[in-house]
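Worksheet: one structure, shown below.
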Amino acid sequence: MQLLQKPIKSIAACALFLVFIYTTAQSLAQTKDVSRDYSQSYSRLNVTNISQSRNSHSRRHLLQAAGEEQVEGETDDEDVKPDDPGADMEEVRTCSEGLVLPLWMPQKNISIGDRLIRGFVYFLFLIYLFVGVSIIADRFMASIEAITSIERTVVVRGQNGEKQTMHVRIWNETVANLTLMALGSSAPEILLSVIEIYAKDFESGDLGPGTIVGSAAYNLFMIIAVCMIWIPAGEVRRIRHLRVFIVTAVFSIFAYVWLWLILSVISPGIIEVWEAIVTLLFFPVTVIWAYIAERRLLVYKYMDKNYRVNKRGTVVAGEHDQVEMDAEKARTIVNFQGPRSSDAEAFDEARREYITVLSELRQKYPEADLEQLEMMTQEQMISRGSKSRAFYRIQATRKMVGSGNLMRKIQERAHSDLTEVKAQLHPTDDDYDDQPTRIYFEPGHYTVMENCGEFEVRVVRRGDISNYSTVEFETQDGTASAGTDYVGKRGVLNFPPGVDEQRFKIEVIDDDIFEEDECFYIRLFNPSESVFLTVPQIATIMILDDDHAGIFAFTESNFEISESVGLYEIHVMRYSGARGTVIVPYWTEDDTAVAGRDYEMARGELVFENNDTQQIITIPILEQSSYEKDVSLKVHIGEPRLAPDSAHYPQIQEVEQKSPKDLTELDRILLLSKPRNGELTTTHVRIRESQEFKATVDKLVAKANVSAVLGTSSWREQFKDALTVVPADESEFDGDDDVEEEVPGCFNYISHFICLFWKVLFAFVPPTDICGGYVTFVVSIFVIGVITAVIGDAASYFGCALNIKDSVTAILFVALGTSIPDTFASMIAAKHDEGADNCIGNVTGSNAVNVFLGIGLAWSIAAIYHMSHGMTFNVEPGTIGFAVGLFCGEALIAVALIMFRRWKKSIGAELGGPTFSKYVSAAILMFLWVFYVVICILEAYDIIRV
């Protein structure tokens with residue numbers, strides 16, 4: 001395939017180069033023939049140039065439409081005699097002052113060499129302007145993405161009937177693509193048409209309409225041809241929303257048919273007000289019709305407010321047919337009224353996809369912790385999903401100008417999203433710094449041995465600690481009594497400014513009498529002004545008797561844990577004594593949980609040393625990253641026994657060998673001191689899904705939105721991005737984590753420094769986070785208008801220097817310059833998107849919008865202006881009319897070829913497919929474009945006459 005790509009690219013480049021050489025040679029040859037008479041006739045031509053240019057389209061219109069001999073006679077009288085040097089000089093253009101860009105003086109006695117140099121300089125300047133307008137157009141697209149990403153909150157029902165709050169985009173995707181997105185990608189062409197009307201005193205020109213028609217031809221033929229062969233081998237791309245494509249394709253062809261009708265049939269050479277306004281009104285008609293087709297409003301009587309979660313994790317409205325693609329990939333959404341709504345099903349599908357990606361990454365990176373895996377999953381969710389036209393357009397431009405790959409910003413965004421979600425789930429102490437002063441025990445429960453002597457109690461102060469605070473404390477009896485089991489105490493704790501804790505000691509009284517465990521309490525009361533007592537404001541102190549081996553039991557009969565806990569620790573408590581070394585066996589048992597799948601089986605013995613009051617059973621819990629899980633297991637402890645090295649083990653062994661009749665009172669007390677089990681010798685451990693993980697999934701799925709990656713939040717971020725050189729490595733886009741991070745190469749640095757002026761200049765444009773992107777939208781479109789005005793002047797001077805007509809300049813150069821970013825964007829979309837909508841669907845939509853909005857708006861302004869002055873707005877059909885007619889015929893062939901490829905079983909898709917068929921199809925489309933350009937140029941120079 002690579003062997004065939006190079007010849008096709010070379011043939012297309014050679015054809016374009018030959019066309020340029022031929023055009024320039026023809027123009028310069030005419031210049032050379034009359035150069036000897038140029039000085040004598042320059043002044044006369046300079047005076048009459050404007051009147052001749054304005055009358056030329058009128059003469060042609062009168063000759064074509066009226067055909068009256070009287071008119072022909074009048075025009076003959078106005079013509080210069082053949083032997084007049086000025087007759088030949090009508091073919092030599094003289095440059096008129098532009099709207100913004102000053103003329104390159106002098107204009108007299110210019111040699112062929114001077115013209116070539118000026119043409120070359122203007123050509124380089126045009127390329128630089130195209131780069132600039134491409135960069136600011138991407139800022140414009142980012143603002144549009146921010147505007148169309150505005151959301152509102154809806155409530156849907158989950159799988160179990162519970163209500164879920166979801167965020168839904170207000171803008172319908174089809175409407176957004178055909179309005180703001182199309183405006184963003186076609187803004188230079190549209191503004192060029194409008195600005196040219198104003199620059200020519202509301203007279204028609206060839207540059208604006210020619211650019212729109214030439215851009216439409218390039219987009220339909222060349223971009224689709226390149227995308228066909230750009231698809232990786234063995235892969236295909238189908239249009240998902242076929243009905244929308246059919247509507248936009250029909251309207252894109254109808255747009256140029258309508259142009260031909262109003263130029264050459266309805267009112268030849270004259271654009272009436274109603275014609276211009278109707279042309280403009282076809283724009284909303286196209287949008288509404290596509291919306292009706294997408295929502296199937298002609299099929300369903302009432303409009304359903306159904307929503308779905310697209311692969312970017314964004315809930316969007318109105319996609320009844322989510323995809324129209326291969327049967328094995330199609331996922332049909334059935335709309336029905338029931339307890340389970342389709343939007344909730346779609347949200348669950350997005351969550352299941354998140355879990356699947358997380359499981360894949362867990363297997364690939366078994367040593368990574370959960371937080372790293374969640375961040376990587378968030379990256380994958382954004383990078384795998386289908387993206388908007390704005391994403392691919394900005395991605396292509398960033399690569400061309402050395403700003404790097406957008407996937408780097410996706411990594412940063414994923415890390416930011418995860419940090420934000422974790423912060424919401426785990427509030428820090430800093431969140432409470434501004435709250436009122438609070439005082440409480442920390443911890444609220446103490447367990448001490450009877451022989452400990454004394455222990456320390458800790459009281460903390462939180463919140464505002466800048467003031468002086470006091471609080472009183474006192475002990476209160478429970479089962480333990482002051483004076484017998486402990487020494488009662490009462491006092492005041494003082495907290496100077498800046499001090500956040502105080503400690504005091506309580507004394508415990510030891511005795512040699514065996515008794516049950518006892519407890520008492522310490523209470524905080526009477527805080528100073530503006531101080532609040534919070535839980536725990538009462539501390540519980542448990543006194544364990546040290547004259548008994550102890551009673552062993554679990555603390556709870558049931559534990560509920562998260563599967564993400566890793567190693568779960570179950571405490572076995574020793575109370576009513578802590579004397580001697582005791583061994584307690586333990587083991588796990590399956591219930592609904594299965595050892596080896598949900599947890600690892602544990603069996604062993606716990607050793608309680610003398611005065612130890614608790615030991616821990618550790619159970620490894622196996623995490624499956626389940627969104628919903630509910631299984632359980634049992635943990636048992638066996639009969640405790642004294643260790644042989646225990647101090648009173650020999651005495652107990654000796655007493656146990658006596659008969660009950662021979663036991664003395666001391667023997668009975670000694671036997672009572674043996675270790676034994678309490679009531680809770682079995683506990684149930686319930687393993688549930690991680691609530692934090694579940695909440696994290698829900699929040700990250702909602703945040704998995706590419707639109708947030710395209711925008712900027714501050715001027716600092718914009719200037720940092722403008723001054724940073726980043727490699728445009730494909731490995732990041734493909735998600736290949738095994739490839740080491742690349743460093744910027746020579747091309748990255750060259751393109752960065754060439755475009756540095758534009759980058760820094762456009763960094764002053766307000767960030768998209770300001771006012772939801774509307775400020776960026778207004779400023780960007782104003783800057784695009786200014787640069788487009790300069791492009792119009794430079795293109796006119798370029799054609800004038802090389803004696804190339806504006807219609808040829810527009811079709812051959814300006815149209816290509818404005819369409820190159822779209823070419824690279826479509827190539828990236830073709831390779832990485834699952835469907836062909838961003839490659840083909842947007843081409844037809846943009847072509848229709850360009851005519852209805854670009855030409856319709858400009859001609860409406862001019863027609864209304866002329867009508868208000870009692871005149872008519874005259875537009876010579878000329879090359880534009882011929883180009884429109886030729887394009888309509890070729891467009892029908894191109895659309896038919898696209899549909900043939902879709903319905904042909906051996907191909908089955910618009911893009912990609914078998915190597916031979918896709919190269920043949922691409923060659924046909926390339927031939928159509930080359931043929932279109934060549935024929936239009938030949939007609940413009942009257943080499944062929946129509």
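Keep in mind that glycine also has a Cβ here, set from the backbone N, Cα and C atoms.
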Annotated range (TrEMBL: transmembrane segment) out of 530-549, 810-829: 810-829
Folded-back contacts onto the transmembrane segment (777-798), same chain, C-beta under 8 angstroms, at least six residues removed: 95-96, 98-101, 103-104, 118-119, 122-123, 125-126, 129-130, 132-133, 136-137, 139-140, 143-144, 147, 187-188, 191-192, 195-196, 199, 207-208, 762, 765-766, 804, 806, 809-810, 813-814, 817
Stretch-level contact, the transmembrane segment (920-941) and the transmembrane segment (211-232), CB cutoff 8 A, at least 3 pairs: yes
Closest-packing stretch to the transmembrane segment (244-267), where packing means Cβ pairs under 8 Å, from 116-137, 211-232, 273-293, 810-829, 849-868: 273-293
For the domain 'Calx-beta' (539-638), the number of residues DSSP places in helix, strand and coil: 3 helix, 57 strand, 40 coil
Most Cβ pairs under 8 Å with the transmembrane segment (273-293), selected from 116-137, 810-829, 849-868: 849-868
Reported mean pLDDT - the domain 'Calx-beta' (426-525): 83
Positions whose Cβ lies under 8 angstroms from the transmembrane segment (116-137), at least six residues beyond its ends: 24, 28, 104, 110, 184-185, 187-188, 393, 397, 400-401, 754-755, 758-759, 762, 765, 780, 783-784, 787-788, 790-791, 794-795, 797-798, 801-802, 813-814, 817-818, 820-821
